Structures are given as structure tokens and as C-alpha cells.
Amino acid sequence: MSLCFPSRFNWSELIPLRLWGRTLGLQTENSQFLLEGMPFRIFGGSMHYFRVPREYWEDRMLKMKACGLNTLTTYVPWNLHEQERGKFDFSQNLDLEAFLSLAAKNGLWVILRPGPYICSEWDLGGLPSWLLQDPEMQLRTTYKGFTEAVDAYFDHLMPVVVPLQYKKGGPIIAVQVENEYGSYAKDPNYMSYVKMALLNRGIVELLMTSDNKNGLSFGLVEGAGETGQPKMVMEYWTGWFDNWGGPHYVFDADEMVNTVASILKLGASINLYMFHGGTNFGFMNGALEADEYKSDVTSYDYDAVLTEAGDYTSKFFKLRQLFSMIIGQPLPLPPMIESKASYGAILLHQYISLWDVLPSLLQPIKSEFPINMENLHLNDSSGQSYGYVLYETVIFGGGHLHSRDHVRDRAQVRSRGQLRLLVENRGRVNYGLALNEQRKGLIGDVFLNKTPLRNFKIYSLEMKPGFMKSLRHTAGWSAVPDYFVGPAFFRGRLWIEHQPQDTFLKLQGWEKGVVFVNGQNLGRYWKIGPQETLYLPGPWLWKGSNEIVIFEERTAGRIIQSVDIPYLGRTQYVD
């Protein structure tokens with residue numbers, strides 16, 4: 001391949017953590033970026049700290065450098081940092097300051113995408129579900145209830161990131177205003193509001209917007225460069241995400257690299273989305289609402305440049321070759337790959353039915369009417385965000401049960417004089433115009449023979465760490481019978497002799513549910529696929545005994561397999 005590239009700024013002389021001479025920051029002039037007045041090309045890659053175990057952040061950054069990239073882009077998920085209204089968390093895997101400082105240490109610039117909306121195939125596009133307690137809520141607009149919540153969040157977020165800006169000696173060279181607003185565009189004043197919310201709290205670096213071709217004209221705001229002038233592809237998709245019941249999407253590596261080469265040949269900057277996808281751990285996957293509702297799988301492998309577990313792909317080596325040709329100097333050697341373990345079969349030897357757990361661990365909420373998940377009086381009045389809700393009521397006689405489309409998203413029905421509806425939130429839609437309609441649980445009446453049911457006992461099953469800890473010590477666990485239909489919790493032990501390594505859990509013979517290892521929620525499994533293995537990071541395992549708990553909604557197996565190779569499902573190549 002013979003390529004003629006415009007001259008570039010040799011960023012090796014101006015890496016993060018070197019402060020002197022920093023006055024101009026990233027600027028735009030005609031069709032190019034300038035850093036300290038010199039031509040600069042952004043060779044970026046997306047990686048989200050909240051999708052990658054903290055212990056692996058640096059490994060993924062070193063691989064980014066070894067590929068030839070100079071910039072890391074990340075979203076900031078509001079719904080993790082403020083899970084309950086007014087309670088903020090920037091600790092452990094949410095330590096954004098540590099993540100950005102680590103990027104600087106490893107010689108990477110940062111483009112920060114703080115939202116408040118991030119899309120990202122993440123539940124409700126990163127917006128906290130407690131916003132939906134307000135029946136009049138208008139997300140992503142200048143509606144007072146929304147802007148007041150954003151202001152309170154930014155008041156806590158911005159002091160974390162402001163000191164890490166380029167002009168203050170940090171790695172942040174640009175900040176994105178909201179995300180893809182052109183495809184939403186419900187309020188012409190909204191983008192100006194978000195821009196001023198950033199500026200008023202001390203953001204001094206270059207502001208950007210990001211939109212697809214159709215949304216460019218609607219998502220702009222004065223004073224923020226759209227990714228198009230200078231030429232920049234803010235999201236060049238290296239792969240695609242998967243939905244339950246669909247295929248595993250794969251992009252051809254040669255085709256992808258040829259397109260990247262043609263973009264760079266034009267002198268443009270680029271951001272690879274994703275460089276490393278990671279995992280939608282817990283209940284954090286988003287969903288699509290097109291012709292029908294489709295929830296995203298747990299894996300966010302994305303067929304990206306690095307796999308879900310951080311391994312190299314052919315895309316990595318082809319891109320490394322391309323970037324090294326452009327840069328014209330040796331790239332760092334790619335770090336060694338962590339070996340994966342196959343721990344074999346794990347017997348789930350004990351179980352406890354959900355019905356046996358209820359009296360001892362959960363206090364029901366009593367209500368004449370069904371209450372949706374977000375409006376349950378829980379979590380310091382922030383409602384329930386994720387997981388399951390059980391609705392119980394007494395019925396007299398049989399007949400025709402009808403939800404009139406008030407179930408969100410999937411209900412398991414049990415009835416013997418007492419009607420039990422176990423409703424699962426499978427993930428809120430993260431993109432499109434349906435954001436305001438993402439309340440979960442029962443969002444209205446359920447009818448028996450045209451009569452609305454009343455007098456409910458409502459049990460919240462968020463399966464938070466505190467609940468899982470209590471479950472461990474509850475009485476009633478017994479040996480697993482030969483045949484059992486859930487919902488129930490099952491548990492077993494994985495014994496590890498040596499230093500724990502990454503592995504993948506294969507749930508053949510199980511139907512649908514959630515896996516917890518040492519209290520960590522690995523995410524959902526479902527026999528309809530495509531995903532057949534769940535990623536279990538080595539740092540979440542201990543030498544010695546490891547507790548595995550599975551919540552199975554219906555048909556349980558007796559064992560799960562720990563394997564050293566992931567299987568993400570039947571492949572469909574994307575043109």
C-alpha cells in the first residue's frame with residue numbers, strides 16, 4: 001500500500017504530564033487541528049473505564065499506544081456516578097480521575113465525552129432512571145426538572161475533570177458537548193444550555209460535537225467544532241453490538257483498515273469506536289427500539305480492535321502496520337497477552353427457590369395499584385433502577401389475563417389462587433426518540449376478565465451486593481433436585497490453586513438469568529443467544545474458594561463450564 005500523508009505534528013515531544021509551554025491547547029485552523037500552533041492529527045480510540053476492570057486499564061492503554069494511537073476517548077456514565085439522586089460515586093472502577101491520570105502517565109491525550117447523555121448501548125444512554133419518576137419528564141431538553149438534575153451532577157463531575165485539562169497540565173485536549181443530538185433535536189436551546197453548563201464550570205479546552213451525517217445540521221452549537229471541520233471521524237465503527245436473539249456481527253478486517261487508510265490519506269483525524277469494547281457488566285446493557293424492542297447482550301466485544309478480554313485481533317496488527325507507516329518511527333512493542341484459564345466443570349450443588357427467599361430477605365411494598373419500578377419508594381426515594389420486580393395479588397377464579405401492553409419488558413406468570421408476575425427490566429432503550437417512555441416493571445393496570453387487578457404486594461429484586469450477601473447467609477439452601485423449574489438461586493464453588501486468570505463461563509443447559517461471582521454481577525445469559533459465554537475477569541477471582549451464584553428464571557442445569565475461549569455466537573459479516 002503506497003500512501004502519501006500530510007505532515008503531522010510529532011506528538012512524542014509533547015506528551016501529557018509535561019507542562020511548560022502549554023498555552024494554546026487544541027485549536028482548529030481551516031481543515032486541520034493545531035496543538036501549540038503545530039499541525040496535529042488525532043489518532044484516537046474509544047475505551048470506557050466502566051466496562052473494563054480497573055486492574056486492566058493500563059494494559060489496554062499500553063496496547064493503544066502500541067497500535068500507534070495518541071488519544072483515548074471515553075464517555076462518562078451519569079447513571080453509575082449518581083445511582084441515587086444526590087449520592088455521587090467516583091471510587092474503585094468509577095475513579096475517573098485515576099483513569100484520566102493513567103492515560104496521561106501512558107502518553108495518551110484524552111477527548112472526554114461527559115454527556116449528560118452518552119448513548120453507548122448503555123441503559124437509558126447513561127441517564128439515571130430516577131429522572132423518570134417525574135411523569136412530565138422531558139429528557140435531553142431544557143425542561144426544568146432535567147436541567148436542575150444535570151446542573152447538580154455537573155457540579156460534582158466538573159471539579160474532577162477541570163484540573164486534568166491540557167492547559168492545567170492534564171491530558172484532556174477536547175470535550176464533547178452532549179452526544180449525537182442531531183438525531184434527537186427536540187429542543188433548539190438544549191445544546192447551548194449544555195455548552196454553557198460546561199463553560200461555566202471551568203471547561204477551557206476545545207469543544208466538539210458528534211453526529212452522524214443526517215444529524216450534523218441539527219446537532220451543532222456555536223463555539224463547538226462539529227466533527228467535520230476540521231475533518232474528523234469521531235466514531236469510525238470498527239465493529240457493531242449484538243442483540244439477544246440476533247447474530248454476532250463481524251466486520252471484515254481488511255475492509256476496515258482500507259477505509260481507515262483512505263480517511264487518513266485525506267489528512268483527517270479519526271477515532272476508532274471501539275478500540276476496546278469490554279463488557280456490559282450487571283444490568284447495564286441498553287436496548288434498541290426500532291420496529292420492535294431488542295435488548296443488547298452482556299458482551300460489548302463489538303468485534304473491536306481488542307477483544308472483550310483485551311486480546312489482539314487481526315485488526316490490531318493491520319492497524320499497527322498502517323499507523324507505523326504514517327508515524328515513520330518505531331512503535332512500542334505490544335504487551336504480552338494474559339493467558340486464559342479453563343477451570344473445567346463447576347457443580348451447582350445447592351439451590352433456594354425465590355419463593356423461599358421472599359419472607360426472610362424482602363419487605364414488600366403494599367399498594368392498591370401496580371407501581372412502575374422507578375416510582376417504588378426505595379433507595380432513599382430514588383426508586384429501583386435495574387433487575388426484577390415481583391407483583392403479587394390474590395385472585396378469585398380463573399379467566400383471561402391481559403396486560404394491555406403494560407409489562408416492561410418480560411413477565412413470568414404464576415397462578416394458584418395467588419397471581420405472581422415476575423417482571424424483568426431487560427435494559428432501557430439508549431438511542432432514539434423513545435427515551436421518555438423507558439419506565440419498567442408494570443407501567444399500568446393488568447386485567448383479569450376485563451377487571452383491573454388491585455391490592456398488590458410488590459417485591460424489589462435489584463440483586464445489589466447487600467442482597468447477595470444476605471442471600472449467602474439465609475436459611476433454606478438445600479441439595480438441587482433432579483428436576484426443578486425456577487425462579488431460584490443456585491450456588492457452587494470454584495476452587496483455584498494458583499494465581500487466578502481470566503476465564504469464560506459457558507451456561508449450556510441453563511435457560512435465562514444472571515451470574516454472580518464473589519458478589520460481582522457478571523451480567524445476563526439467555527439460551528436464545530447469540531452470546532454463549534460470560535467473561536469472568538481474573539482480578540475478580542481469588543486463590544482458593546470462589547462463590548458462584550446463579551439466578552435462573554426457569555430451567556436450570558446442574559453444572560457450568562469454565563473455558564478459556566469465548567463463544568459470542570453465530571457470526572454474520574457486515575458489509
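Along the chain as shown, the residues are counted starting at 1.
Every residue, even glycine, has its Cβ placed from backbone N, Cα and C.
Going by TrEMBL, these are the annotated features:
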type	residues	note
ACT_SITE	E180	active site, proton donor
ACT_SITE	E235	active site, nucleophile
DOMAIN	32-209	domain 'Glycoside hydrolase 35 catalytic'
DOMAIN	226-325	domain 'Glycoside hydrolase 35 catalytic'
DOMAIN	415-462	domain 'Beta-galactosidase 1-like first all-beta'
DOMAIN	487-546	domain 'Beta-galactosidase galactose-binding'
For the domain 'Beta-galactosidase galactose-binding' (487-546), which partner among 32-209, 226-325, 415-462 gives the most CB pairs under 8 Å?
-> 226-325
Here the mean pLDDT of the domain 'Glycoside hydrolase 35 catalytic' (32-209) is 97
Across all the protein chains here, work out how many other Cβ atoms are within 10 Å of the Cβ of E180 (active site, proton donor).
-> 22
CB contacts under 8 angstroms to E235 (active site, nucleophile), restricted to the same chain and 6+ apart in sequence, sorted by sequence, are S46, S210, N271, Y273
